[in-house]
Amino acid sequence: MSIVVKNNIHWVGQRDWEVRDFHGTEYKTLRGSSYNSYLIREEKNVLIDTVDHKFSREFVQNLRNEIDLADIDYIVINHAEEDHAGALTELMAQIPDTPIYCTANAIDSINGHHHHPEWNFNVVKTGDTLDIGNGKQLIFVETPMLHWPDSMMTYLTGDAVLFSNDAFGQHYCDEHLFNDEVDQTELFEQCQRYYSNILTPFSRLVTPKITEILGFNLPVDMIATSHGVVWRDNPTQIVELYLKWAADYQEDRITIFYDTMSNNTRMMADAIAQGIAETDPRVAVKIFNIARSDKNEILTNVFRSKGVLVGTSTMNNVMMPKIAGLVEEMTGLRFRNKRASAFGSHGWSGGAVDRLSTRLQDAGFEMSLSLKAKWRPDQDALELCREHGREIARQWALAPLPQSTVNTVVKEETSATTTADLGPRMQCSVCQWIYDPAKGEPMQDVAPGTPWSEVPDNFLCPECSLGKDVFEELASEAK
């Protein structure tokens, strides 16, 4: 089924509700995607792009229901990737002599995928035009490396529609085609996810290319993307967002992600986050266990953040494999204007944190001091983690911090209540872990200064995860 975009322009693409992986398995398309193809019917009939190769037969059959294939005068391929040009082989088998307009680099890519050098290719460059009748022209604009060397955009005069290729798109499937018809929160989340994970490496090219396009002084009433919605309501809003995202974007946000074998590094991550929040309550802090989180959501949060803390246990003297893989991906994304710090726990020997610090620096992050803990962090080690978080908050602050009274309050409470008043320390009879009322157990929201009698009944030993009934009064303090 086709959808009228504007006047004689129809959407003839394909929705893909089920797709969950893109670029292999590197991009999770949690809300599906669409492959947008457009049919322009003027004195000349023009098809702009096709769809993903897995929908080739369905696409050609649907297109045949819209138009006699022999009446298609021109095919424009803005991008040679298989989710754009995948149905070319099926289509060209029916109309083998139809001219294909694309960049020189696209010919190499198309032949590399379809192996038909005999097709009627016509090379276009920025500023070239194609007359399609009724006083309208197509104007071509090369956009190399946004995000492939062959990429270009196509502008239709008269209707003032920019067929923008991958730019301004999103992997987002909905029965509605236009931006003003869909859930706005979902839409802009997917726009930012798309930019963060696909276009970030090319941010330095985004601003000059947008400036070049605006320099043509052409009105833009609609932006018709290759994936997701068509921008008809205030289409320049997404252009303005791209200019913002391309300018070394950051929010007052810190992302923490880690991998852990025995929860030791997780304990460090939680304590660091507590220290950050104590010192700068205005900053947004997001924590992810990489083994249980959507990788693309982590990368989107890194893109949004002013800094990232990455944690890893040591395994065979190196970092955990999932951490190594994601840091390698961050290297390729070439984030700018961001700070980083490495942390992690180890046993008899370390090595992972130092290695991780080097990799983060190589990825272009401005490095802050790293933090290491041996074995499971005790209360003193967790306090060091909290202090590390406090120092990170101070170093990474984007504005003067509010004066904190946390330390003053703790000191006053400690001096007002003696250890003796809090009762005896308690020892786990299974693993020998000791509960000290003066220190509490912040990981379970048991505040310093909490007597054992006031510890909640659902308390679990941090070492062996058994309940309160296995605890006994420490022998040295028994009367």
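Keep in mind that glycine also has a Cβ here, set from the backbone N, Cα and C atoms.
Under the heading region 'Zinc metallo-hydrolase', Swiss-Prot lists 30-210.
Listed in sequence order, Ser109, Trp148 are the same-chain residues at least 6 apart in sequence whose CB falls under 8 Å from the CB of Glu81 (Fe cation 1 binding site). Residues or ranges marked as Fe cation 1 binding site in Swiss-Prot (evidence: sequence analysis): His79, Glu81, His147, Asp166.
Positions annotated as Fe cation 2 binding site by Swiss-Prot: Asp83, Asp166, His227. DSSP assigns Asp83 (Fe cation 2 binding site) to a helix in the three-state reduction. Around the Cβ of Asp83 (Fe cation 2 binding site), 25 further Cβ atoms fall within 10 Å across all displayed protein chains.
Look at Swiss-Prot and you will find 254-393 tagged as domain 'Flavodoxin-like', backed by sequence analysis.
Cβ-based neighbour count (10 Å, all protein chains) for Asp362 (FMN binding site) stands at 11. Secondary structure at Asp362 (FMN binding site), as computed by DSSP, is helix. Per Swiss-Prot, the feature FMN binding site maps to 260-264, 342-369; the stated evidence is sequence analysis.
Summarising the annotation, Swiss-Prot assigns domain 'Rubredoxin-like' to 423-474 and lists sequence analysis as the type of evidence.
Around Cys431 (Fe cation 3 binding site), the C-beta neighbours below 8 angstroms that are at least 6 residues distant in the chain are Cys461, Glu463, Cys464, Leu466. Among the features that Swiss-Prot reports, Fe cation 3 binding site is placed at Cys428, Cys431, Cys461, Cys464, with the record citing sequence analysis.
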Could you tell me how many residues in the domain 'Flavodoxin-like' (254-393) are helical, how many are strand and how many are coil under DSSP? 68 helix, 36 strand, 36 coil
When distances run from the Cα of Thr260 (FMN binding site) to each of the binding-site residues Asp83, His147, Asp166, His227, the nearest one: His147
Distance from His147 (Fe cation 1 binding site) back to Ala352 (FMN binding site), taken between C-alpha atoms, in Å: 34
For the domain 'Rubredoxin-like' (423-474), residues assigned helix / strand / coil by DSSP: 9 helix, 10 strand, 33 coil
Whole-number answer please: how many Å between the C-alpha atoms of His147 (Fe cation 1 binding site) and His227 (Fe cation 2 binding site)? 14
As a test of the contact definition, list every same-chain residue at least 6 positions from His227 (Fe cation 2 binding site) whose Cβ is closer than 8 Å to its Cβ. Ser33, Ser34, Tyr35, Asn36, Asp83, Asp166, Gly169, Gln170, His171, Tyr172, Tyr194
